[in-house]
Every structure is written in C-alpha cells, then in structure tokens.
C-alpha cells in the first residue's frame, strides 16, 4: 500500500490521506473521497496534480483521467512507503450534459407552437411563416433525437449554472425572439381586422475531410438558408451569434485535436469553415 495525500482547493473539502495502490482507478478514489466529505457527489469533485508548465516553467494543475489508474496518470511511487499529493476542488452543483442539451432544445419546441397556435393566428400566416415554423420544429426535434440516441459526451456533468446560460441562447434567441418577430407581423396586421416553432478518434468523410466540425458548418449553412428564407432581422442576429459561438467551440476543440493527435491529424483540415477557418 502507498499513501495518497488529497489536499483540498475548496473550503467545502478537507484533507484526507488515502491508503491505496498505484493501480487503483482514480474514479474509485474520488468516490471514496466524496463519501468522506459529507457524502459529496463525485461529479462535483475534480482531482488534479501539479506539473511544470512547458512554457512558463511554473507549476500548473492538470486534471487526472478518472478512468485510468494513478500510475497511468503519471503518479509514480518509488516504494510502498512513498507518498504523493493530489488536489481536490469542489466544482459546485452539477447537471448531466445530456439533460442540459435536452432542456436547451425543448425551449423552441415549446415556445414556437405556443406563439404560433396560441398567441397568433395560424390561419392568416403566409407560406413563408408556415415553412419557417416547420423547419424550426424539425430542426430541434432532430437535436433532441441526436442528444438522446446519438451523441456520446466526454464528460458526465457540467456546472448547474450552465443550464441557465446555455438555455437563454436557445429559449430567447431561437425561441422567443424568432417566434415573435417571424409570426407576429401578419398577426399585428390581422388584428386590425379583429373580426375577420468518450474516446476521441479522427473522423473522415461526410465533410470531415475539410473541417473538424462539419456539423457546426452545416448548421450555420442551414441557419443562413433560414435567414435568407424569411429575411427577418432576428434570424440574422441568431445566425451571427450562433455561428460565432459554434466557431469558438470548433476552434477550441480543433486546437485540442491538433495537440492530441499531433502528426496523425490531417494538416489541411480547418476547424469549421472549409479552406478558411
């Protein structure tokens, strides 16, 4: 047995010395540590080790891989009497990635029908408005299906606050803003005549030969077509903000792919926009 000293980085946690083995999986230690800290959920706890930064030469915290052992995480014990230190941080209340995405995408699926059928009068809507409503509903139904049956998430949870921040993007911009400004104009006009919407691998094909994240690129193209279809200012605002946000995500993940795969990763592949970015 060896000794692992877990130092807290948050006031809600306390230091604990763990008798373990180099081959013990980190997740098992995190679960035990959480139980020793008022039965705190392991999803709230982040274990790190200190490593020297290659550029600044200063120590930095590196997150441990919970599915690997201490030894596989580079924590080497010289003998059974040796001890090593790791650090624990309380991340606060967490929520699963899948649930966050389900909550995000259900907003437009609720808001568009409520406004389309409830507040406004669908009988007076133009063909453009009707097609816009159908496209929005199909898009977010597809998103819910993909979240439930297709997507695999690298992390189990994220901070609970993110559900409010992320949902605001979809509930307000692509939900309330699009619905009100697309379906309302004819309704206002008709109201004058009140009587009468975990392991990373290098993918190839289906757009991946050009960019790392063709899903973001094609979604931007889809929203561009949507904006061109109805030429509504709110559609252009959503297209702009959504595309910028998706590019930020793509650039960050693309950089991680380059670091993770090195020379194996295709040199000419861009992050999101073919041949450009």
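Think of each number as a place in line: the chain as shown, counted from 1.
In case you wondered, yes, glycine gets a Cβ from its N, Cα and C as well.
For reference, TrEMBL has these:
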TRANSMEM  99-119  transmembrane segment
TRANSMEM  168-185  transmembrane segment
DOMAIN    183-277  domain '3-oxo-5-alpha-steroid 4-dehydrogenase C-terminal'
TRANSMEM  206-227  transmembrane segment
TRANSMEM  233-250  transmembrane segment
For the transmembrane segment (168-185), out of 99-119, 206-227, 233-250, most C-beta pairs under 8 A are with 99-119
Looking only at the domain '3-oxo-5-alpha-steroid 4-dehydrogenase C-terminal' (183-277), report the model's average pLDDT.
80
